[in-house]
Every structure is written in structure tokens, then in C-alpha cells.
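Participant: Starting off with a structure, shown below.
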Amino acid sequence: MATNENISSSVLNRLIKEVKDYTKQPVSDVTLQVNEENVTDLRAEISGPAETPFHGGVFKIKLVFGPDFPSAPPKGFFITPIFHPNIAKNGEICVNTLKKDWKSDCKLGHILMVVRCLLIEPNPESALNEEAGRLFMEDYESYFQRAQLMTKIHATRESAPTEKNIESIGGEKPSSISTAGKKEEKKKDDKKRSLKRL
């Protein structure tokens, strides 16, 4: 297993234990993805909570653990674009648990739960995305619509790779995508036939 050379064995052991503990007691709607090449670069997928503009979306995040962990918190980033007061345009997450309220005994499960809770209850007073924070406070309906639109564009299954993209990266075609592809091919064949008749 390749790892970050700056990371001590005690940090690695702590992270491995955290991951094992998490698999026994995962947070609902949060799937952890461990990078076998580098355990200090943890990824997760969070399902958008109901009754929020993020519902129906799946958001990829990453937690980056530095050599000072657990004395210093990991850095959290949303990989999936999102319109949210506490998430910067570059994806950086602003939440007290990963800043001034960090405690060295804070567990991975708690970190992921806090990030998921942020989707339910943003804190517009400490906004990293000022536009989202302002809209949240002044015109919640516009904020909701904008956040919902971003979710539909970037985080829903419809925004997943198309059949063509999957072939170009050499992946297997999921059955739902290949079925859609067959329908498209049939439409093209029907069109060719009708053109031949003309």
C-alpha cells in the first residue's frame, strides 16, 4: 500500500482503525470509499437529505488527513459542485468541527455525520460562499431553486457519464445506460429507413 511519506505509522494506524470502526457503524446515507493507494485520502458519497434542495443528488466528498492528524483536523472538500453557504466554490467545507471545535478524539463517523447535517442545516452566518449565504438569509426560495438546479445538473444519476463517455474510459456499460443506447440506435435505424423511403 503506497502512502504519503510524511505520514507517521501512528497516524496510519489510527486511520485504519477509524475506517474499520466506520464499517461496523456507518452513518446513514453516507458510503465510505477507501483509497487503497493512500489511506490518508478518504472519499465518501453522501445522498442528499429529504426536504432539502440536495434531495435526489449524490455528492462526492474527500477528507485529506495531514501529518499532524489527530492534533489537527483533516481538510474536507466537496468534489461534486454544490451551491451551499458553507461550501466554497473550490469545494472547501467550512464547519466548526473541522476548524476551531476540532478535538483529537473526534471519530471519522462523527466527521461524516457533521458534513451530512450541514446539508440539512446550513450556517449562513459563517458563509464561505457569500452569494449562497446572502440568498439563504434574504430570499430562501431563490436559494432553494438555485441549489436544487445545481443538484440536478451535477449530482443526479442523469448527470452520470453517458454511454459514449463510459466506452471512451473503457468501463463496463451499466444495463440502464445500454438500454437507453439501444433505444437511441433503434431511433437512428428507423430514421435511416424513413430517409431511404424518401
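Here the Cβ of each residue, glycine as well, is placed from N, Cα and C on the backbone.
Grabbed the feature section from TrEMBL, which reads as follows:
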- 10-156: domain 'UBC core' (DOMAIN)
- Cys94: active site, glycyl thioester intermediate (ACT_SITE)
- 157-198: region 'Disordered' (REGION)
- 157-166: compositional bias 'Basic and acidic residues' (COMPBIAS)
- 181-192: compositional bias 'Basic and acidic residues' (COMPBIAS)
Participant: How many neighbouring Cβ atoms, not counting its own, are there within 10 Å of the Cβ of Cys94 (active site, glycyl thioester intermediate)?
Facilitator: 18
Participant: Just give the helix, strand and coil counts over the domain 'UBC core' (10-156), going by DSSP.
Facilitator: 58 helix, 26 strand, 63 coil
Participant: Looking only at the domain 'UBC core' (10-156), what is the model's average confidence as pLDDT?
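Facilitator: The predicted confidence over the domain 'UBC core' (10-156), as a mean pLDDT, is 94.
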